[in-house]
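Input: a single structure, listed below in structure tokens.
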């Protein structure tokens with residue numbers, strides 16, 4: 001009685017004062033000490049016993065097992081045999097559980113041989129333990145064989161084989177066995193329901209899970225805490241949080257597992273704030289917490305990028321000593337990485353006594369996600385040196401780093417390692433390789449890999465479509481999108497956003513509208529990423545009215561959607577509207593980023609707003625802490641130059657902290673043409689040609705400056721230099737979509753089947769423009785035909 005009431009001091013006093021002690025009393029003391037974790041005292045009582053029976057051995061063996069020492073029961077089992085004590089069904093059940101915990105199938109097979117030799121292979125308890133051991137040791141075939149050879153099977157046997165199928169990811173088999181169990185009239189229990197709900201969650205089958213919930217209610221398990229927890233976990237994993245929360249609220253009792261299930265469910269479904277609120281309620285309820293609770297709440301902090309919340313919960317984990325648990329430490333690592341707190345992430349990683357593959361993956365992913373590609377590679381090599389073998393998630397992060405850094409050689413070396421490791425046919429790794437080759441511009445390799453994948457997943461299709469899109473091969477991207485649809489796959493939000501981007505690049509508004517209709521049909525229009533891409537697509541296709549309409553309809557607007565709207569107005573010369581949207585963005589407390597200021601400065605440039613442009617440029621650093629990049633300096637050179645301050649524009653280039661690129665010098669050269677500044681134009685052109693001697697645009701622009709200044713001898717020199725260097729002016733190209741067909745035109749193009757009618761109409765328009773008084777600003781650079789004529793004239797003069 002005292003032992004069962006956990007009052008061991010009183011039990012010990014009674015035991016010590018007993019004038020006679022039988023084996024039962026000795027066994028009771030062993031069991032009592034083992035139950036409270038005092039295995040040294042339990043061992044001491046066992047060794048002091050005058051006579052031991054099988055129960056004495058079983059009590060000690062099961063005590064070590066319950067307290068997490070899985071090797072000691074095996075040693076005691078061997079001693080038991082050496083001392084001539086025969087094991088019983090309980091002994092075998094406990095020892096087989098040790099084999100399961102150690103996942104030592106070799107040892108399990110040897111004990112199975114002893115069981116057969118002693119005739120226990122027909123015992124239902126021993127048989128059930130064997131079924132469980134083989135399944136947990138990842139040998140489901142042997143588990144099935146033992147199960148089907150059992151002469152008698154009870155609900156424990158059925159539960160063990162069903163759970164084994166779930167543990168080995170044979171989810172459909174577990175459901176079939178459950179049906180067979182029902183047909184044979186075996187009653188259901190908590191563990192069977194728990195396994196079946198796990199199967200439904202693994203299959204993401206909400207319909208089947210709901211049916212099983214009805215089955216459990218019908219069998220009076222509706223208010224059972226264990227079954228209820230498994231059910232709400234199933235609803236959460238099937239993305240039905242409303243049903244999960246409703247079930248959680250009607251459960252008569254909330255244990256730690258049910259709190260964990262609802263918290264983890266919210267975190268997994270991207271509802272981090274709700275998960276944090278539930279965690280606070282759990283703390284107030286007094287049920288405590290474990291490593292699963294903390295891992296779930298750290299995931300919630302990662303979802304909302306709640307660095308402050310993560311720091312507070314990290315403090316709680318340290319106080320409770322759970323921070324030493326490797327699963328919790330890995331969750332902390334992941335949280336800091338997603339909150340862009342790399343210093344804290346590295347400190348946690350460096351202080352870990354033991355690191356598993358998840359730890360290395362978390363720190364490598366943290367650096368990759370924050371754009372630190374070089375550190376990502378360094379950590380990957382440290383991981384290899386530590387003897388830890390990379391898995392598919394490690395390779396996924398490292399390949400992303402290769403793609404982001406465009407490190408093709410490193411990517412190819414890692415590809416070789418992947419092939420040697422046997423992961424070359426893994427779908428996740430294959431998609432990451434396609435993405436890496438696409439970002440490195442090796443679309444031919446990406447296509448080969450895509451075709452080689454046995455089962456092309458959504459990830460591989462997205463990778464190949466995104467690869468073509470990033471390389472500005474929009475037509476090929478759209479071709480693969482059509483092939484994906486032909487294969488019966490349903491695009492996700494990333495696919496739609498990528499294809500919409502190609503529509504924006506090609507100005508194919510017809511296709512863009514069709515995809516918009518599909519987005520509405522699939523109820524994806526609330527996705528902020530897709531909505532922002534739609535705003536951008538309509539603006540780039542020249543339809544600012546629909547772009548503004550999409551923007552106004554958005555329930556949530558992030559900086560991407562605001563940027564798309566500002567940039568759209570700026571690109572169409574609607575500077576006032578662009579600045580108005582920017583001011584509204586500030587009023588709604590949306591923090592602008594570098595891209596925002598590029599669009600705003602361009603708008604100021606189009607409108608010739610020197611004062612406003614200068615104010616916004618200085619506001620970047622002083623008000624928002626954003627260091628100006630080359631794009632911002634290029635905009636300022638344009639703004640200052642257009643206002644007639646060409647010397648000030650040159651001064652800005654010379655004083656800026658960054659090395660000027662060809663774009664900035666070309667911008668300066670363009671404003672020199674507007675104001676006829678030959679001296680600075682020559683300096684700008686010289687700087688461009690030092691960076692890229694084959695830049696034909698520099699020759700053309702400088703030639704135009706000379707022509708505007710009437711320096712025709714210099715114009716002639718420019719033309720000769722271009723011919724000598726084998727350079728030609730890039731011909732203008734445009735296209736238009738009419739009735740779902742794209743028509744492309746080059747300068748002087750006569751390949752279009754209707755070119756005669758087109759040029760007739762063009763001549764009519766030119767005559768109308770002349771009649772209206774329009775005088776064209778003719779480009780003074782010669783076209784190819786004029787170049788050839790001049791070259792022939794020079795040759796003739798030389799011969800004469």
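Keep in mind that glycine also has a Cβ here, set from the backbone N, Cα and C atoms.
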Given ranges 753-776, 777-800, the stretch to which TrEMBL attaches the annotation region 'Disordered': 777-800
Residues of the parent chain within Cβ reach of the repeat 'PPR' (356-390), under 8 Å, 6 or more residues beyond its termini: 326-327, 329-330, 333-334, 336-338, 340, 342, 345-346, 349, 397-398, 400-402, 404-405, 407, 410, 417, 421
For the repeat 'PPR' (457-491), sequence-distant contacts whose Cβ falls under 8 Å of one of its Cβ atoms, 6 or more beyond its ends: 427-428, 430-432, 434-435, 437-439, 441, 443, 446-447, 450, 498-499, 501-503, 505-506, 508, 511, 518, 522
Residue counts (helix, strand, coil, in that order) that DSSP gives for the repeat 'PPR' (53-87): 24 helix, 0 strand, 11 coil
Contact set, same chain, for the repeat 'PPR' (558-592): CB under 8 Å, 6 or more residues outside the stretch: 528-529, 531-533, 535-536, 538-540, 542, 544, 547-548, 551, 598-600, 602-604, 606-607, 609, 612, 624, 626
For the repeat 'PPR' (154-188), the mean pLDDT of the predicted model: 93
